[in-house]
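See structure below.
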Amino acid sequence: MTEYKLVVVGARGVGKSALTIQLIQNHFVDEYDPTIEDSYRKQVVIDGETCLLDILDTAGQEEYSAMRDQYMRTGEGFLCVFAINNTKSFEDIHQYREQIKRVKDSDDVPMVLVGNKCDLAARTVESRQAQDLARSYGIPYIETSAKTRQGVEDAFYTLVREIRQHKLRKLNPPDESGPGCMSCKCVLS
């Protein structure tokens, strides 16, 4: 069974733990209890493949930022979460992404941008802004509500699909013989 190491990152209070617990335990936690670091495991079937999700729910508080490099090193894919009613959390996404790329020493790291709390009417980050940011990063964008469960499975499962595609790209790198060239080789005698 394939195991996927997923890491949930984002500013404090955006609902990282609520999303993770909603996926794992099917219930909404509405009291805010700041996380230092929690790990969860769940067996799921995604696109016909049984797999084990190893999910690391991380601290959003700045005082725990020193721990980030360590879990970023081991993570295969990252849910970058902001709250749609918190513009600052959206602006912080860039820093998380840059730190992930630096620690992984790669521009090609599986990520999904997640706009959480979409059940709330008091939106300060428009869908279009988030879609534009995700497009500029070349990653998917999914809106979720940990409260109603909307998009929760989709966010985590999309990240697993991104990891799978990343692994395939590493196994079969694109042919770099130039534009317009086919990958077949000719031998003239």
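Each residue, glycine too, has its Cβ placed from N, Cα and C.
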* Range among 14-22, 32-40, 95-103, 131-139 that Swiss-Prot annotates as motif 'Effector region' -> 32-40
* To do: Give me the mean pLDDT over the motif 'Effector region' (32-40), rounded to a whole number.
  => 65
